[in-house]
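Down below is the structure, laid out as structure tokens.
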């Protein structure tokens with residue numbers, strides 16, 4: 001089944017089911033032989049830790065879909081996005097002294113990115129595998145033991161959140177797990193690649209937000225809105241604008257973007273209340289569009305709410321190795337980014353008295369208990385500071401030569417005057433084991449703006465060093481490609497579809513709501529493929545406009561296709577014969593792939609656009625409007641599927657207004673019986689149909705035919721008004737029908 005965005009991999013799920021018992025046996029052995037000794041060595045209190053039961057259950061993880069990237073990335077790598085869903089019945093119990101702790105069932109779903117690079121010319125053909133989650137995965141744990149103390153509501157949420165943060169700290173971007181497959185493979189640059197860029201978000205204003213404040217459940221008051229902005233694990237909160245449904249913020253936030261395509265900007269609006277803040281709507285913006293457009297300044301419709309638009313200006317900043325771009329910004333915005341690869345330290349002192357003179361140290365050393373503690377190797381962590389931002393590394397226990405292997409990023413306002421401050425501290429005694437200050441101006445002396453060396457530590461022993469690699473990159477707003485059709489408001493995506501438990505590992509899905517398109521782009525009709533339930537039932541779709549939407553379509557399929565910003569004008573305004581260059585559709589990051597039944601018959605899947613040889617017969621040089629069509633050949637059903645999405649900017653044939661409908665023939669057959677016709681839309685020049693028609697013919701026959709599509713005005717029988725509003729013919733011999741196309 002051809003589905004260009006996300007591919008189903010049932011064969012892989014069958015392999016997983018067969019291999020799961022063997023995987024369980026390996027993991028049981030690992031828990032007993034590797035994990036148990038490690039836990040016991042961590043602390044005196046954990047010396048009695050024993051795993052009493054380890055069973056990974058019958059239910060194995062399921063991969064709902066895989067998306068492979070080959071075009072947008074380097075030739076020496078393969079990138080896969082795996083939509084993982086695990087509703088497991090695993091059981092793990094452990095005893096610690098007199099307490100019994102355990103886990104009885106885990107639910108986990110999220111998008112795991114797998115990068116295979118570099119590709120090699122000899123075995124094993126792939127140098128290393130890198131794994132990470134794009135966003136925090138959804139995690140639920142059923143606890144067992146300790147009289148289910150952890151099921152007490154407050155503690156349960158706390159423990160789940162703690163575990164989720166633990167996973168995020170290790171598995172969510174910008175952190176990665178890299179496993180080398182070839183000996184002597186240097187994986188440092190794979191674990192810590194230079195970020196792809198920086199997104200600068202200007203949160204300007206909102207309008208027509210939903211009223212959330214009520215008094216005694218009746219009188220509606222004005223809300224106090226604020227925004228939460230998120231890219232990956234980094235989140236910022238805006239100021240709160242009190243008592244205003246059309247708030248103006250005028251705030252700026254900057255995010256480091258590590259993976260494009262993949263990472264999105266998430267914006268959630270809330271009404272601040274003394275008890276619980278009310279949700280007012282959200283927005284999900286694909287950063288790949290912003291990267292291509294360079295600058296997007298739009299009103300975006302909010303989803304998951306009944307009304308509201310948000311005005312954002314988004315700027316994509318490339319990272320360039322050019323010192324001339326480092327001039328200071330007058331508005332106080334960042335001009336560069338500093339990436340610190342913290343490697344390791346050597347010969348740290350056991351304590352900060354060891355190399356310092358003075359009575360203070362001598363008095364404390366007399367205490368015997370303290371002396372024993374001091375003889376241990378230090379458990380050290382690093383505090384890194386640039387300007388007013390401080391970041392903390394992980395702790396390396398009991399080592400005078402700790403290895404951290406972590407990367408940190410800092411925004412820099414003035415590379416000529418700012419410095420990086422390093423402080424190594426001992427966890428046990430919270431004392432400094434050494435410090436170092438690196439002026440960023442040293443990096444400017446190097447043509448690549450890079451320093452990779454050992455730095456001598458101050459306030460430490462004479463042979464104590466810290467090994468780091470520092471990379472400085474200027475932030476640069478590039479000019480957009482004048483030939484490119486901007487995505488504009490269509491950069492926004494439907495919210496993520498979350499899976500919930502249903503009959504074991506089968507899922508049912510919540511559909512993203514169709515949100516209202518803002519006034520300035522009301523002609524950008526949007527459609528999107530929608531997953532069906534496993535039992536074939538249609539999903540309920542709530543459309544904020546009240547109009548019924550077919551169960552197979554929802555807002556957002558041809559996002560970005562051939563739709564322009566206000567300044568570009570419609571493609572029909574192009575010279576005759578010219579074809580508007582369509583952008584690729586924004587591929588919605590679907591959490592779950594549709595069922596096989598919907599894949600075979602959906603004409604409204606996200607097809608890549610092909611520029612179609614449209615033969616426009618209107619007899620005049622004036623454009624008569626546009627029609628949006630999605631056409632493909634469904635091999636399983638042996639039929640040509642034509643989806644009439646809608647029309648825009650039709651020219652009225654009378655002052656009375658028009659009631660348009662669409663008529664379709666598959667030429668040369670002009671018989672009345674084979675004619676297809678949509679419903680009539682009353683008094684509109686931008687009708688929205690979303691109606692599907694099928695012509696049951698073999699692919700060979702269809703290739704010899706032409707689609708004849710006319711938009712007509714439904715008028716009284718005796719009326720003198722012009723009936724035909726416009727016509728288009730599509731030569732099907734020129735199209736790749738299996739792949740399909742969708743365009744205005």
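Any Cβ shown, glycine's included, is placed from N, Cα and C.
All TrEMBL annotations are machine predictions without curation.
Residues or ranges marked as compositional bias 'Polar residues' by TrEMBL: 503-514. Marked as compositional bias 'Basic and acidic residues' by TrEMBL: 523-543. Summarising the annotation, TrEMBL assigns domain 'SMP-LTD' to 5-182. Annotation comment: TrEMBL describes 173-300, 318-459, 623-744 as domain 'C2'. Taken from TrEMBL, the feature region 'Disordered' covers 483-576.
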Is it possible to list how many residues within the domain 'C2' (318-459) are helical, extended or coil according to DSSP?
23 helix, 60 strand, 59 coil
Any idea what the model's mean pLDDT is for the domain 'C2' (623-744)?
85
Work out, from DSSP, the number of helix, strand and coil residues along the domain 'C2' (623-744).
10 helix, 57 strand, 55 coil
What does DSSP give as the helix, strand and coil breakdown of the domain 'C2' (173-300)?
11 helix, 63 strand, 54 coil
